[in-house]
2 protein chains.
Amino acid sequence: MYKLIRNEGTARRGELVTPHGTVQTPAFMNVATCGAIKGGLSALDLKELKCQVQLCNTYHLHLRPGDETVKKLGGLHRFTRWDGPILTDSGGFQVFSLAKLRNIQEEGVTFASHIDGHRIFMGPEESMRIQSNLASTIAMAFDECVENPAEYDYARKSCQRTVRWLYRCKAEMDRLNSLPDTINRKQMLWGINQGSTYEDLRIENMRQIRELDLDGYAIGGLAVGESTEEMYCIIEAVEPEMPKDKPRYLMGVGTPENILEAVKRGVDIFDCVMPSRNARHGHVFTWEGCRNLFNAKYTLDEAPLDESCDCPTCRDFSRAYIHHLFKSGEMLAMRLCVTHNIYFYNTLLERIRKSLDEGNFQEFYNNNIRKLDTRI
Amino acid sequence: MYKLIRNEGTARRGELVTPHGTVQTPAFMNVATCGAIKGGLSALDLKELKCQVQLCNTYHLHLRPGDETVKKLGGLHRFTRWDGPILTDSGGFQVFSLAKLRNIQEEGVTFASHIDGHRIFMGPEESMRIQSNLASTIAMAFDECVENPAEYDYARKSCQRTVRWLYRCKAEMDRLNSLPDTINRKQMLWGINQGSTYEDLRIENMRQIRELDLDGYAIGGLAVGESTEEMYCIIEAVEPEMPKDKPRYLMGVGTPENILEAVKRGVDIFDCVMPSRNARHGHVFTWEGCRNLFNAKYTLDEAPLDESCDCPTCRDFSRAYIHHLFKSGEMLAMRLCVTHNIYFYNTLLERIRKSLDEGNFQEFYNNNIRKLDTRI
């Protein structure tokens, strides 16, 4: 399903064909946690913001409205009105970050809902069943995401269990895809590389999981406490072990700079809540750096958020107006900034693809790496 | 500027020509308190929701971002990107409902800002200067809005002062419209009828203010504590005294039923926060009655909010999805419902106009008056 079109050094330009459409890579996935982008955007808005893939969270949707409800409503595509590819995470990350009182055993994890505290059990089979009910395009394997720094011994044991869980995920996904009432019987399963910040564990784990010949591979357990330098080192260590003919997804990353660095190191796909979360707090990304729209210097500034941007927000609204909306607590402030940031991220990835197509990614990297994360 | 096209009983079909466009009446004005419709809608969204006039609040904009800031930014049209007619209220209603520690004297009112408590003085001249800076199409006279029930004697004295204030408003507006750096030198001034629930005061006041031959007249001080029956009686008492060749605006009203009753009694223009405020709490208007989208019965309901509606929300999204978004606290829920309610109100007025054009308003009234405010 993945075709590598060309390389520039380790950086890859490719495309991923799915039953819900083709994704040009490198690509950014826009995060619709509960089935909607936070900040008041709908799936239909995403279309004009160059979004290729929507990511939804299994944990949140299992709790509310419930994956069986989503199945009765025809799956996530019909429910949210997004007709392109959807990736669901496994729920694992949220079980380990949001839920309380969790208890991990070989079988899976028992935890308390962060909404009402009720006890829930989730293991590899449950995660696959939930994601099958949600009917996403791509399901992620159920893994334990260990926070960094982690003890070597704990990371090693956790990794080994995650590999055993992956085999169970694969078996359950194959079974679910063979059932007549499964909504998306072509649901893909992607594996997740773990191993904390230990290169030997990462490499061993990658070698083990690639044996399953899955449809894609993610690097998980990064951007969870380690330095960005450590993160880049781990990507560099794992990348040579990743299949060349499968898409590579760096989970939960990151800033524009992180994305440029990771593309350079061979990553194809990204997701992050940063564009929408930062926007809701008045932080917008521009080609000159980051702005904070709460800043009083924008009171009389009639320029758009980014003078070189042609997003729906920059086409019509001024910094002065958006500054006023934030100060007044108007929801429109958030919607306009989320719209801009989502468009910015998708345009960043589009320009990265173009530079790879034209063989000048390194030049693009050099021109942008210093300024994109700068505060202006 | 106002042309009466036809009557059906006391109900009127007309049009109001302004420098910012023509308004077909009866019309509903969509309330953008701080320069944006609450619920994340922009001025550009209003265009596809059949909005003809935007109402902005003088009190709020004077406090934040400040009317002088708005003037420096070119006035409300340029600031908010709404290019149609804008009506600004006088600030009076908010001074008497939102502000603290107010002190009314002949000169005007001293009050404390509800945002930071600082002392502000506003009288007729100040209100006109602020509205001139905002550069709305229609400015409202500065009045005292007396809460109902009110003592007869207080209401009478307040009324008399409001008439004296109106003369000062007119003089100041004429002066401002003659200044070279005034943004909208064709700004209109509309007077406001007061008199609480006392028919004799209302009639006397209307006779006094119509002497000024203003561009339009509003009925103020209703929907502030009295019963709807009292409100209808006051409209019936005042209406014969209102000029036939001027638009009539019933301030801050109301439900679909209120609007039908008031159109029947000769009112042309309305404004109310109800469509957007109710929507933000999950209450939507439909042609069958009102729904509460928090209701669990919508969990698996794939119908649109209103099966006969072709608004952007009803074209694409299900009750089940919107119910889920409300339960999850997603901003998109509010935006979708505000979009629907604004469209519903503007469509209601459009259908009222059509029924007047076709001479069957009474039939339209009979078919709808009982069900529109019913909970379903």
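Residue numbers in this text run from 1 along the chain shown.
Heads up, the Cβ atoms here are built off N, Cα and C, so glycines get one too.
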Annotated region 'RNA binding' segment (source TrEMBL; candidates B:224-230, B:252-258, B:357-363): B:252-258
Candidates B:H283, B:H324, B:H340, the one TrEMBL lists with B:C309, B:C311, B:C314 as binding Zn(2+): B:H340
Recorded substrate site member, picked from B:G40, B:G66, B:G117, B:G221, that accompanies B:D89, B:S90, B:G91, B:G92, B:F93, B:D143, B:Q194 in TrEMBL: B:G221
Env. residues of substrate site, Cβ within 8 Å of mean position of B:D89, B:S90, B:G91, B:G92, B:F93, B:D143, B:Q194, B:G221 Cβ: B:V95, B:F96, B:M140, B:A141, B:F142, B:E144, B:C145, B:I192, B:G220, B:M251
Site extent for substrate (largest Cα pair distance over B:D89, B:S90, B:G91, B:G92, B:F93, B:D143, B:Q194, B:G221, Å): 15
Between B:D89 (active site, proton acceptor) and B:Q194 (substrate binding site): CA-CA distance (Å): 15
Coarse DSSP state, helix versus strand versus coil, of B:G92 (substrate binding site): helix
Spatial neighbours, same chain, of B:G91 (substrate binding site) - Cβ under 8 Å, 6+ residues apart: B:N57, B:T58, B:Y59, B:H62, B:M122, B:S127, B:I130, B:F142
Reduced DSSP assignment, B:Q194 (substrate binding site): coil
Assigned element (helix, strand, coil) containing B:D271 (active site, nucleophile), judged by DSSP: strand
Whole-number Å value for how far B:F93 (substrate binding site) lies from B:H340 (Zn(2+) binding site) (Cα to Cα): 28
